[in-house]
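> Below: one structure in structure tokens.
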Amino acid sequence: MKPPAACAGDALDVAAPCSAVNYLRWDLSAQQIGELTTELIEQTKRVYDRVGTQELQDVSYENTLKALADVEVSYTVQRNILDFPQHVSPCKDIRTASTEADKKLSEFDVEMSMRQDVYQRIVWLQEKVQKDSLRPEAARYLERLIKLGRRNGLHLPKETQEKIKSIKKKLSLLCIDFNKNLNEDTTFLPVTREELGGLPEDFLNSLEKTEDEKLKVTLKYPHYFPLLKKCHVPETRRKVEEAFNCRCKEENCAILRELVRLRAQKSSLLGFSTHADYVLEMNMAKTSQVVATFLDELAQKLKPLGEQERAVILELKKAECTKRGLDFDGRINAWDMRYYMNQVEETRYRVDQNLLKEYFPMQVVTRGLLGIYQELLGLTFHLEEGAAVWHEDVMLYSVRDAASGKVIGKFYLDLYPREGKYGHAACFGLQPGCLRQDGSRQIAIAAMVANFTKPTPDAPSLLQHDEVETYFHEFGHVMHQLCSQAEFAMFSGTHVERDFVEAPSQMLENWVWEAEPLLRMSQHYRTGSAIPQELLEKLIKSRQANTGLFNLRQIVLAKVDQALHTQTAADPAEEYARLCQEILGVPATPGTNMPATFGHLAGGYDAQYYGYLWSEVYSADMFHTRFKQEGILSGKVGMDYRSCILRPGGSEDASVMLKLFLGRDPKQDAFLLSKGLQVEGCEPPAS
């Protein structure tokens with residue numbers, strides 16, 4: 001295929017001098033967090049007051065648009081210093097103070113977003129200024145501020161604005177509480193070794209004990225997933241799956257109902273028929289009808305595959321019940337899913353996950369992963385010894401552009417679970433890469449937070465292959481944060497359309513299914529030997545295992561999210577149970593309330609969970625069209641990717657970036673093939 005046109009800004013060097021300063025600090029006491037929050041609010045409000053009280057004839061680019069952009073840079077950094085510790089600090093007092101700071105700052109954000117005086121001056125500036133006198137990104141920034149003003153109802157009567165402001169404040173506090181409840185959940189189940197039959201010794205040895213010598217199984221990922229995959233005692237799996245999907249059931253169920261009600265009310269005041277339509281206006285999909293069609297069509301295509309996979313699982317379950325002398329109930333329960341999906345991998349594809357993880361010690365995976373990213377994107381990483389961090393497990397790396405030697409950013413790695421810590425894997429942007437007030441470029445800083453299995457005195461941290469995939473995915477977000485070269489904080493890093501934001505990192509997951517990269521990030525933790533060729537081939541083939549059921553479950557979650565945000569009366573638990581039965585063919589466990597544990601619903605993905613599947617269309621297309629054709633470790637394609645897809649941040653529309661990188665408009669073919677589906681006139685991708 002002919003390589004696409006050169007990408008905008010191929011020269012990755014930027015004219016602006018770079019300020020390689022880390023403005024972040026992690027040594028604040030709970031009291032200081034409270035004091036600095038008040039100070040930050042006062043400082044920032046002064047800038048908005050200045051802009052909002054100017055005479056209209058005095059409004060200019062410098063004293064209005066630039067003033068707002070400059071304060072956004074300093075405010076974003078200071079805000080992250082104050083509100084990020086709620087997710088990672090080992091000290092409960094600091095986490096609590098940080099959560100309180102987040103609540104105050106979120107209320108303040110609402111106040112500032114509803115400043116009609118500021119909005120009027122921005123509108124006035126747009127009418128007054130010659131559009132071609134602004135740099136393209138500045139013009140986009142101006143247009144975006146006006147669009148956001150209208151989306152906050154600043155063109156509506158004052159009374160309506162007050163209602164919207166009140167709803168927005170309530171929403172932000174409810175979202176913080178919803179996720180805080182999940183993070184702070186310390187539920188555990190005391191179990192005996194016998195009840196954990198099937199789990200490996202290293203897992204059992206890593207568990208804390210209760211006073212009566214039982215083992216403590218928490219509901220955090222490093223306990224929950226291995227147990228559901230490997231424990232051959234159905235009753236233990238049932239108890240743990242039920243407890244997991246009953247976390248924070250009472251409090252979060254009430255919060256979720258209120259979130260859904262308030263979102264619908266706000267969207268209606270703004271003239272939208274549903275909250276989903278309000279949210280989607282800013283995305284690639286544009287309307288809830290487009291999303292519904294996408295999910296329905298994909299579900300129809302995947303259902304036959306799901307049926308075949310369920311039949312295989314029932315066969316396996318019947319054989320297992322006979323072997324272990326258990327009653328066979330003739331159905332698949334929610335607590336059976338992961339166990340038998342794992343058995344499919346082990347029996348049909350002969351992939352022994354316990355053996356495999358011995359080849360993925362954390363240090364080797366990290367070294368290989370960092371090496372691949374450096375080579376692919378033309379970067380060099382350097383570990384900063386003795387850096388100031390929030391916990392002794394955390395590492396800080398600086399990142400340079402390999403060609404120019406310039407520092408472009410830094411990233412923190414915080415990879416192991418702790419009590420009170422954020423419970424999933426995520427990338428947090430902490431310092432936006434953008435221009436500062438004096439015109440110099442501020443480097444981007446991000447943190448990757450995860451919950452991989454901790455090392456023990458007998459063994460290093462050993463990663464399951466799906467954890468290696470998660471590591472690659474989240475680190476892809478880190479690279480998006482660091483490689484973007486936007487001028488404005490609003491467009492820095494991953495500030496792209498929400499149904500595109502996952503595509504760059506999803507694309508990079510492909511590397512953990514290819515032989516060459518896999519060999520570079522693995523070796524046996526005791527012998528140092530490489531993964532045997534046969535095991536490697538089986539692993540790569542197993543990518544197609546359970547693809548129907550896995551993706552149908554993603555559709556269930558996306559449809560629950562859409563249902564809650566298009567039909568206000570929908571009951572979350574009932575809707576989830578109905579869709580599980582209808583689409584997945586596996587009932588939800590009675591009495592559970594999965595949506596009350598679904599952090600995405602309160603974490604900025606409201607009406608947007610479909611984006612994971614939607615953006616896979618683009619990630620599959622990018623990988624198969626460029627990397628698979630021209631070389632998966634090709635530095636040339638890697639640099640095209642860095643300059644076309646990562647470099648702009650959100651300063652261009654995703655559709656424009658994709659067309660530049662692909663040399664054409666995106667297509668669904670590679671996505672459908674990757675799901676094990678037939679596409680007319682296309683060969684399945686070589687595995």
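Placed from the backbone N, Cα and C atoms, the Cβ positions cover glycine too.
This is the feature table in Swiss-Prot:
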ACT_SITE  Glu474  active site
BINDING   His473, His477, His480  Zn(2+) binding site
MOD_RES   Ser172  phosphoserine
MOD_RES   Tyr278  phosphotyrosine
MOD_RES   Lys538  N6-acetyllysine
> Given the recorded Zn(2+) site (His473, His477, His480), which additional residues of the same chain have their Cβ within 8 Å of the Cβ centre, ordered by sequence?
Cys427, Glu474, Phe475, Gly476, Val478, Met479, Gln481, Thr494, Glu502, Pro504, Ser505, Leu508
> Cβ atoms within 10 Å, counted per site: which of His473, His477, His480, Lys538 has the most, among these recorded positions?
His480
> Can you give me the Cα-Cα distance between His473 (Zn(2+) binding site) and Ser172 (phosphoserine) in Å, rounded to a whole number?
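Between the Cα atoms of His473 (Zn(2+) binding site) and Ser172 (phosphoserine), the distance comes to 27 Å.
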> Whole-number Å only: compute the distance from the Cα of His477 (Zn(2+) binding site) to the Cα of Lys538 (N6-acetyllysine).
29
> According to DSSP, collapsed to three classes, what secondary structure does Glu474 (active site) have?
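In three-state terms, Glu474 (active site) counts as helix.
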> Can you grab the distance from Lys538 (N6-acetyllysine) over to Tyr278 (phosphotyrosine)? Cα atoms, rounded to a whole Å.
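Checking the Cα atoms of Lys538 (N6-acetyllysine) and Tyr278 (phosphotyrosine) gives a distance of 45 Å.
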> Where does His480 (Zn(2+) binding site) sit in DSSP terms: helix, strand, or coil?
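SS state of His480 (Zn(2+) binding site) = helix.
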> Relative to the Cβ position of Tyr278 (phosphotyrosine), how many further Cβ atoms are located within 10 Å?
23
> In whole Å, how far does the CA atom of Glu474 (active site) lie from that of Ser172 (phosphoserine)?
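Here the two Cα atoms lie 25 Å apart.
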